[in-house]
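Below is one structure, written out as structure tokens; comments come after it.
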Amino acid sequence: MAGHAPSPHKPRRKAKRTADLQSNLSIVESSSSSGRVVPSFPLAAFFWPARGSVSQWEILPLVLMVVGLFRWAAGLWGYSGFEKPPIFGDYEAQRHWMEITTQLPVSQWYFHDLQWWGLDYPPLTAYHSWLCGKIGSLIDPSWFALYESRGLHDPTLKIFMRATVLVSEYLIFVPALVVFVRRFSRVNGVTTWSASIALAAILLQPATILIDHVHFQYNTVMLGFVVASMSSMIAERYLWSAVFFVCALGFKQMALYYAFSVFAYLLGSCFSPRINVTRFIAIAAVTAVSFAILILPLVAGTYYDVKRGISPHPDRKGSRVPLPLFEEYVGYLNTDAFYYPYIEQLVQMVHRVFPFARGLFEDKVANFWCALNVVVKIKNYPTELLQRGALIATLASIVPPNLILLIRPKKHLLPLAFATTAWGFFLFSYQVHEKSVLLPLMPMTLLLAGNQGLGKDIRAWVGFANILGCWTMFPLLQRVDLRVPYAVLTLLWAYLLGLPPTSTSAYFQQGSSVFSHWVTAFTHVFFYLAMALWHVLEFFVRPPSDKPDLWVVANVGVGAAGFSLCYLWCLWKLILQSDILPKALGGKERKAKI
Amino acid sequence: MPEIYPTLTQVAIVAAAFKILLFPAYKSTDFEVHRNWLAITQSLPLWDWYYEKTSEWTLDYPPFFAYFEWIMSQVAKLVDPAMLRVYNLGYDSWETVYFQRFTVIITELLLVYALQLYVDSSHGPSKRAAHAAAISILLSPGLLMIDHIHFQYNGCMYGILILSLVLARKKSTLLWSGYVFAALLCMKHIYLYLAPAYFVFLLRAYCLSPKSIFRIQFLNCLKLGSGIAAIFGTAFGPFALKGQIPQIMSRLFPFSRGLCHAYWAPNVWAMYSFVDRVLIMVAPRVGLPIKSEALQSVTRGLVGDTAFAVLPDISPRVCFALTLLFQAIPLAKLFMQPTWDTFIGAVTLCGYASFLFGWHVHEKAILLVIIPFSLIALRDRRYLGAFRPLAVAGHVSLFPLLFTPAEFPIKTVYTIFWLILFLMAFDRLAPASSQPRFFLFDRFSTLYITVSIPLILYCSLLHGIIFGKSYEFLPLMFTSSYSAIGVVGSWVGFLVVYFTSSA
């Protein structure tokens, strides 16, 4: 919108502009009627006046303001568990953690009344909750009063909570993403203009806004640390990469979805192009130290409480509470030794964070197991077998991408490898929640900042994954009356990127009719039609009384099939781009790229 | 003609998405006002519309607006009939909110259409500038705050105004411009403030021969006169038959209200009251007499008689005279030089005069100045120089309209976004002026814009921290005095530009 004026003061800009046009070919296309170049999707049109002549430091603040406005406006809607007693929802969980971390001694955090949203995230989340709770208590202490504040839905508290999500995101995710997009686009030789468009597209990703700013959670903090970690890998700052990844894990255990890729890349970078033992040792040491620092406040708090004679479980005076895990090793431990409280604390933390005792999947989630459950009643099989099956399937799906990354630790492969691995975890692993789809979506969406990222092929697939992802979360959002923000944010994003249901232009390649494009177009159109049909049915038709979950199950089935395609596409792209195939096979793609 | 990106449609779609997300935002009593009007027009016979007073928010817009509400109520019937009951005061089911908010977005399409006509009517190098100006109006923070949060139908109204202004650009559609404006007057009478400019322009450019002012074009006069009479007849005729005109007039022009509106619109009277407040502290030392009964009124900011403690009181007559005087001065030039650019300038200056000197002016009326001005702000750099402080002052002065914490980030961030984007874009697009720039005016405006940052910070954050709930009038007074300086400054600057620029 900032106008592009033929400015007489700066004649050098002209030359740059033509150069830019050459390299922006994925975003512009020549109009058939006039022969002039036109933007090929609306988001590019919004950046059109800024082509070449405007510095990205002028665009960036504007982009950040716009995406911030959309986030805040979306936050005006309800949140998960709003006025839904008896236990409310995610919002109450986060608020409750602020309550217990600010009101209770550290050693009781992981033990306090576990039935009411007991803390089950790693320590960094606890520290973050403590900080937010402290700030909030300055404004109104009643928001986090112990016991009394449960289920509170004060409108001012809602504004405060929304603000904590936004501020946390702008302090961690946004800067990490801005830096990542700069570095990654430079590695791929993408112009800053396209990179700005990609940045806006990534920041407007509907799934993250819907889950974090509407439904309520702090996923972007964890995702931000992961992006920072990837960004450090691109900058070849491997130690920082390890530190950031420990932070991500320390904030939300879900970051384990990426752990294999991080490990594979960091290990790979120690071996290729030449073996670098010092780097290996340094990474290992820094990782260990980061973990130690991460749990230090917890340990120190426990030490302080032991000194003061405060028990972690004051409700069970006298009797020793057995360790929740590792019962077989308890015999080796002296429960009266000085170290026992710390062991107990850490074991309890691990136990809370990794609930091994729960089922294969909780709710209806669009992954392989839940889809399989429609055909075979999985719950009839022994848990042992299911756990082993999940483990084997997950390993089988994540070994190929990580093996490639280990052999070829190339910077431009990072988002693809991360996305493939996360898709593998999402589809096959244990204890998946529908919100976990954010994890594969994030690195996959980062592809927009890469080579040909805004070209039709990648845009079509990234868009497909995102829209399908939002669609599988619809049952979750609809439960708390969030249909309107769901529809607005998803359709807006689809519109801006020129994707179905608003446009089919991403499927018509100019002057090329390669077979694979047609396959892509047909499968995608099939899925989009299925999604649209599902919405119509869900809105107008009641499911039969003997199958009340019919629509949800249909959603899961379509979602799982579509996500499997996304996994396969990411894997295929990864194989092609890593140049790991013999020339005869991979030759065609490389020619097409040049 | 190659398309300029982003197109108005693209901008309108993204803006509409944002506006839908704002559905649950704060809404003022104007929401209930319009719900009540839906109910009145739907459930009562025409003859009772202007007499109904179950709700304190009686119908006080001209008949076309009532007809407009009646049309919408036909759809409202299908959405939620409960909102159409007159006694259902303060009813706001989610269907009602969705419906009413949605009508604002839909009727705003008229604005998009009018702006598209405006862009299409500009040619050559100025087309790009016209496009930027059109987008700036479409995204105006004023319209966003007033229509989509506070709740009103200004987008539609200003769409009609711009349509009329654009029609005046071509000789062949001049007549229609007059008709459309007459219809607009029958929807919302606040546009009477701009009527003098229309009168002079249509008189000179349509009713009198371009060659000599003494040759009257009788056929044109007849067409214009009969058309306008027909429009007013359609609007007021049914009521006139029943002798209800005096009742309607008493609803439309409630002169019993005070000089300053509750929120202190940033005009000359706000500065006058500010000076009066300062004089209260100074007067005892200088020996000026203080009227003790006046001490309590302005600080309370109630809608009612504003009494001044030291300075002489202002009567509606004085306001009226001053407004007419400052409207007449630019109109003289318009009469001599009836071009479209001068016409828009004159409309803008009429808006300025009535905003600055009018009786009981609401701060929302600043749009009467900003929107016509936007159409010519990019003519050259001198116009832009006068526009800049107005853009800042006018929008900052609207901030007190929204006082809830949830809307605070929206109004501030959106306005700052708009100001950065468009002041930057306008700066690139406005061509250099053929005349020398006004001495130091742009320095003044830069300084002025910088001051806005600490001011907003103080009024929205620091004041609450320092004083809590006491002295609530202070931020309001600072905001309106600050904005008043900007509006008056830009008015003086624009007067100079207007009178010194050739056609």
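Please read every residue number as a count from 1 along the shown chain.
Placement of Cβ uses the backbone N, Cα and C atoms for every residue, glycine included.
According to TrEMBL, the feature transmembrane segment maps to B:7-26 (among others).
Taken from TrEMBL, the feature transmembrane segment applies to B:98-117 (among others).
Among the features that TrEMBL reports, transmembrane segment is placed at B:152-168 (among others).
Sequence-distant contacts of the transmembrane segment (B:180-202) (same chain, at least 6 residues past either end, Cβ-Cβ under 8 Å): 61-65, 68, 157, 160-161, 163-164, 167-168, 174, 224, 227-228, 231-232, 234-236, 252-253, 323-324, 327-328, 330-331, 334-335, 338, 343, 346-347, 349-351, 354-355, 358, 365, 368, 372. What TrEMBL lists as transmembrane segment is B:180-202 (among others).
Per TrEMBL, the feature transmembrane segment maps to B:222-241 (among others).
Summarising the annotation, TrEMBL assigns transmembrane segment to B:318-336 (among others).
If you look up TrEMBL, you'll see B:383-402 (among others) marked as transmembrane segment. Tertiary neighbourhood of the transmembrane segment (B:383-402): same-chain residues 26, 28, 141-142, 145-146, 149-150, 263, 265-266, 363-364, 366-367, 369-370, 373-374, 376-377, 408, 410-412, 415, 418-419, 422-423, 426-427, 430, 437-438, 441-442, 444-445, 448-449, 452, 455-456, 459-460, 475-476, 479-480, 482-487, 489-490, 493-494, 496-497, selected by CB-CB distance under 8 Å and a gap of 6+ residues from either end.
The transmembrane segment feature in TrEMBL is assigned to B:408-426 (among others). Long-range contacts of the transmembrane segment (B:408-426) within the same chain, counting only residues at least 6 positions beyond its ends with a Cβ under 8 Å from a Cβ of the stretch, are 22, 25, 129, 132-133, 136, 139-141, 144-145, 149, 377-378, 384, 387-388, 391-392, 395-396, 398-399, 402, 456, 460.
Marked as transmembrane segment by TrEMBL: B:447-467 (among others).
Summarising the annotation, TrEMBL assigns transmembrane segment to B:473-499 (among others).
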Beyond the flanks of the transmembrane segment (B:152-168) by at least 6 residues, Cβ under 8 Å: 30, 34, 68, 103-104, 107-115, 117-118, 121, 137, 142-143, 146, 174, 176-178, 180-181, 183-184, 187-188, 191, 194, 201, 340, 343-344, 347, 364, 367, 371-372, 375
Chain residues in Cβ proximity to the transmembrane segment (B:222-241) (below 8 Å; excluding those fewer than six residues from its ends, i.e. six or more beyond): 46-47, 50, 62-64, 175, 178-179, 182-183, 186, 202, 206-207, 248
Contacting positions for the transmembrane segment (B:7-26) when only residues 6+ beyond its ends and CB under 8 Å are counted: 97-98, 101, 104-105, 109, 112, 115-116, 119, 131, 134-135, 138-139, 144, 148-150, 402, 404, 406-407, 410
Other parts of the chain folded back onto the transmembrane segment (B:447-467), taken as Cβ under 8 Å at six or more residues beyond its ends: 388-389, 392-393, 396, 399, 408, 412, 474-475, 478-479, 482, 485-486, 489
